[in-house]
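**Student:** One structure coming up, written as structure tokens, with questions to follow.
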């Protein structure tokens, strides 16, 4: 029999509640001081690592005992993880530090099925946990007794800035709200989303700019600690999409910025993408890069990213302002921008999650959520299925400390078909929690035509028609996948002859103006479209070898889209240098009687199709 030595550090709850204190997380009103009690099972004679694979702490919150279970986040770093900084004379210095025995954990509260935790145990316990639906923060108090910790609700941290902060991505989907409304009503079940054998893996590089370096007192270790905490939370957030994020490299621009970081978020993103394509990708293989900067961008923007761009050499990037003293906030902003890279757009009012605000809200909430909305789940899976980004299919080599698989730890390990936790907590009906094998009767795990691990009945609608040009699809009864999307022929009149069908949609200029500018927008007068004959920055039809070609007179309604917002703004247009196609009239749009836009030319509908 294996003897187990139980090492227990017994400390009582410090009987004190404070009204206000300044902590690393900011000025906190109403906090509780506790001394966590750590219990660790160590096999007798075993060599104990500095940070165990699993740990357990007991303390009290609001006078009630809680047990915090922690498990080391072994997927935090890739095996070839590297760190790069620059000497004062500009020399690149790259190291490959040993990160196997790190101190970053995920966890849960015992007897609270909806609880989560993201904790650094490097110097005491620092991080956040969800308990009975409320978010709490914990961090060490710098008293003479170093084991004292403050525990407080997130809502008790004073606001850092009253002005609302926003993502700079503009909603450009010109179609009606109907698909979003329908998506918001979809119930995406756990078994449909599980994809246990098809996890996606994002190999992430984070670049901290020179302002970040100086913000943290030019101390590389402080920058690294901050980034590790952010990625630990980022990793936790994305597991709900069945995506694992591994940090493959951290680069700190300790001797000045290597791409242009300016007050314009759009210019900064463009320059960072060019640098990544030109330089970083040649030095380090990775899937996505995020620039973490301490600059205060113009306006209220604190983040920006390209949409549906994962794996693209230039555009699989995002920029994030290190806006808050709470790393949870910064991690949520980074999760938001990476969400754009994964094809997820901003939430509409019909989108919901298990919180007041979801991750893809355009406005960053003062109490940010760690959950993606139902709309985000649908958009993500649509992007994965339609665009099929290949770079995130390969699993990075992880920095595992070799240990036998443990059934019930919610990690899919060698020899397991599934792992949904203990029999008491497992919520995944396809999995036998006792054996970590799929039940023998399981027909499917995920897909539009999979429900409760079985194929949905033949004839069940799995893809509603999105317009009169589309055709609804139904399940076959013998496949988990919805049949291939079909639609009416291109060129068929639609919307009472205001448009012509194109790939299942009925594109008309009014819908595009509505999406760009809101309900008060209409299509501008014909005279506004004449600006497309100028061939300037915004008024043109197409680009050839980087040169903007003006529209021919008959093609002006196939170039830049012009909308009217009333007498004050009769010729409004949208233009952004990060994606110059946004704000152009869409292909297939009616541009005249029996004419549609094709290749930026207004041609006969019969010729186009």
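Note: Cβ is positioned from N, Cα and C throughout, glycine not excepted.
Relevant sequence annotations retrieved from Swiss-Prot are reproduced here:
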- 203, 287, 391, 394: Ca(2+) 1 binding site (BINDING)
- 337: active site (ACT_SITE)
- 353-358: disulfide bond (DISULFID)
- 404-490: domain 'Disintegrin' (DOMAIN)
- 407-436: disulfide bond (DISULFID)
- 407-426: disulfide bond (DISULFID)
- 420-426: disulfide bond (DISULFID)
- 430-453: disulfide bond (DISULFID)
- 444-450: disulfide bond (DISULFID)
- 462-482: disulfide bond (DISULFID)
- 469-494: disulfide bond (DISULFID)
- 501-506: disulfide bond (DISULFID)
- 513-563: disulfide bond (DISULFID)
- 513-528: disulfide bond (DISULFID)
- 591-602: disulfide bond (DISULFID)
**Student:** Where DSSP helix means H, G or I and strand means E or B, what are the helix, strand and coil counts for the domain 'Disintegrin' (404-490)?
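**Tutor:** Looking at the domain 'Disintegrin' (404-490) with DSSP, the answer is 0 helix, 15 strand, 72 coil.
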**Student:** DSSP secondary structure for residue 358 (disulfide bond), reduced to helix/strand/coil, please.
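**Tutor:** Looking at the DSSP assignment, residue 358 (disulfide bond) belongs to neither helix nor strand, so coil.
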**Student:** Pop the Cα-Cα gap between the residue listed as 'active site' and residue 513 (disulfide bond) into the table, whole Å please.
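**Tutor:** Spelling it out, the Cα of residue 513 (disulfide bond) and the Cα of the residue listed as 'active site' are 25 Å apart.
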**Student:** Could you tell me the C-alpha distance between residue 420 (disulfide bond) and residue 337 (active site) in angstrom, no decimals?
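**Tutor:** Cα-Cα, rounded: 29 Å.
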**Student:** Measuring Cα to Cα, how far is residue 528 (disulfide bond) from residue 337 (active site) in Å?
**Tutor:** 34
**Student:** Taking the centroid of the Cβ atoms of 203, 287, 391, 394 (Ca(2+) 1 site), which other same-chain residues have Cβ within 8 Å of it?
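**Tutor:** Filtered neighbour residues, in order: 201, 202, 285, 286, 288, 311, 392, 393, 396.
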**Student:** Once the DSSP letters are reduced so that anything not helix or strand counts as coil, what is residue 494 (disulfide bond)?
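**Tutor:** DSSP assigns residue 494 (disulfide bond) to strand.
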**Student:** Out of 287, 391, 394, point to the one nearest residue 501 (disulfide bond) in space (Cα versus Cα); all of them are binding-site residues in the record.
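**Tutor:** For residue 501 (disulfide bond), the closest Cα among 287, 391, 394 is found at 391.
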**Student:** Helix, strand or coil: which one is residue 203 (Ca(2+) 1 binding site) in, per DSSP?
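**Tutor:** In the DSSP reduction, residue 203 (Ca(2+) 1 binding site) maps to strand.
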**Student:** Give me the Cα-Cα distance between residue 287 (Ca(2+) 1 binding site) and residue 591 (disulfide bond), rounded to a whole Å.
**Tutor:** 40
**Student:** Report the nearest neighbour of residue 563 (disulfide bond) in space among the recorded positions 394, 436, 506, comparing Cα positions.
**Tutor:** 506
